[in-house]
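Below: the structure, in structure tokens.
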């Protein structure tokens, strides 16, 4: 079954159209143009924002009152080896198991299609709805994420745009659609650590300083450190060394330098400044000649039970009969940028079992459920 099949629902028809556009990050491949045409027909004011090589758009419909924003990305990760795919990654096929197959089916063109169709239905049913509906869409989520949602949020905040609630279409579900929603994410703080020694001959260690030997006790202490206890919403902060490099390649040379890359995934119980100070104190304690370059990817954010989370949970219950489980696990998402506006943020999307894999796929029927969940959430918040 393909995108041209007359038996496809509006959601699946649009999902297939989006998947068939090969929008490997940071390319958009006219996905946003397709979405904007649909939104313009539904009465949205459109504001394309091309920033550097990244396509973004902001769309808004409605007047004063609370604003519910749908956020997501049109870019997808590379396909990997084409010969490993059962179907070509941009053909958008529904197989005999009822799975919509293709790059972006789960992450996150299926969600984008569900959002658009849900909003079209809601606007048709409630043309004089309360508040406003908005869309914030980027083609820079899977890449560096410098000129996408982050940059758009900065522009919106600078002109005083209001964003009360935001649903991000990331694939949050684990086994069944709606079984898990993300109501927050841990912060991500990375670093490049350089330990300087003195290069020399391995036969004359007294004339050298081996940075590997010097760094090992400090790295062991950092790895064993108890950073915090976490809380009811977040697990304890974790520290992981991801790269360790030293040496000239020769077996008879003591290296002069060691570099280590490490990362914190941290809860709201820790701060950036606090983690940095504790790391630097441990390095000083071991008498190291060190230099560290810090890189903050995002602060932790949390949406506690309230209007948005309650509406999403009630909609999932009404559509699927199941109770959703709020979670803050996993990596970072663009929700971290939107949360800086004081916005309640919830991530809700399809099952994430095959994201970024070859043969990415999602149950076609799950996208129908997701469309209805988005629709019911709109009704609860803005009807």
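Just so it is clear, glycine is given a Cβ too, placed from its N, Cα and C backbone atoms.
Other Cβ atoms within 10 Å of the Cβ of residue 75 (active site), summed over all protein chains shown, number 24. Annotation comment: Swiss-Prot describes 75 as active site.
DSSP classifies residue 141 (active site, proton acceptor) as coil under the three-state reduction. Within 10 Å of the C-beta atom of residue 141 (active site, proton acceptor) sit 26 other C-beta atoms, taking all shown protein chains into account. What Swiss-Prot lists as active site, proton acceptor is 141.
The Zn(2+) 1 binding site feature in Swiss-Prot is assigned to 73, 107, 170. Annotation note: residue 73 (Zn(2+) 1 binding site) sits in a strand segment as assigned by DSSP.
Less than 8 angstroms from the CB of residue 142 (Zn(2+) 2 binding site) sit 25, 73, 75, 76, 77, each of them six or more residues away in the same chain. Taken from Swiss-Prot, the feature Zn(2+) 2 binding site covers 107, 142, 356, and the record attributes it to sequence analysis.
In this structure, the binding-site residues 73, 356 were compared by how many other Cβ atoms lie within 10 Å of their Cβ, and the smallest count belongs to 356. Secondary structure at residue 170 (Zn(2+) 1 binding site), taken from DSSP and collapsed to helix, strand or coil, is coil.
Other C-beta atoms found within 10 angstroms of the C-beta of residue 107 (Zn(2+) 1 binding site) number 27, with every protein chain shown included. Nearest to residue 356 (Zn(2+) 2 binding site) in space, judged by Cα atoms and limited to the recorded positions 107, 141, 170, is 107.
For the pair residue 170 (Zn(2+) 1 binding site) and residue 141 (active site, proton acceptor), the C-alpha distance works out to 11 angstrom.
Compute the center of the Cβ atoms of 73, 107, 170, which mark the site for Zn(2+) 1; besides them, the chain residues with Cβ within 8 Å of that center are 72, 108, 111, 141, 142, 168, 169, 171, 333, 349, 355. A separation of roughly 11 Å, to the nearest angstrom, links the Cα atoms of residue 141 (active site, proton acceptor) and residue 107 (Zn(2+) 1 binding site).
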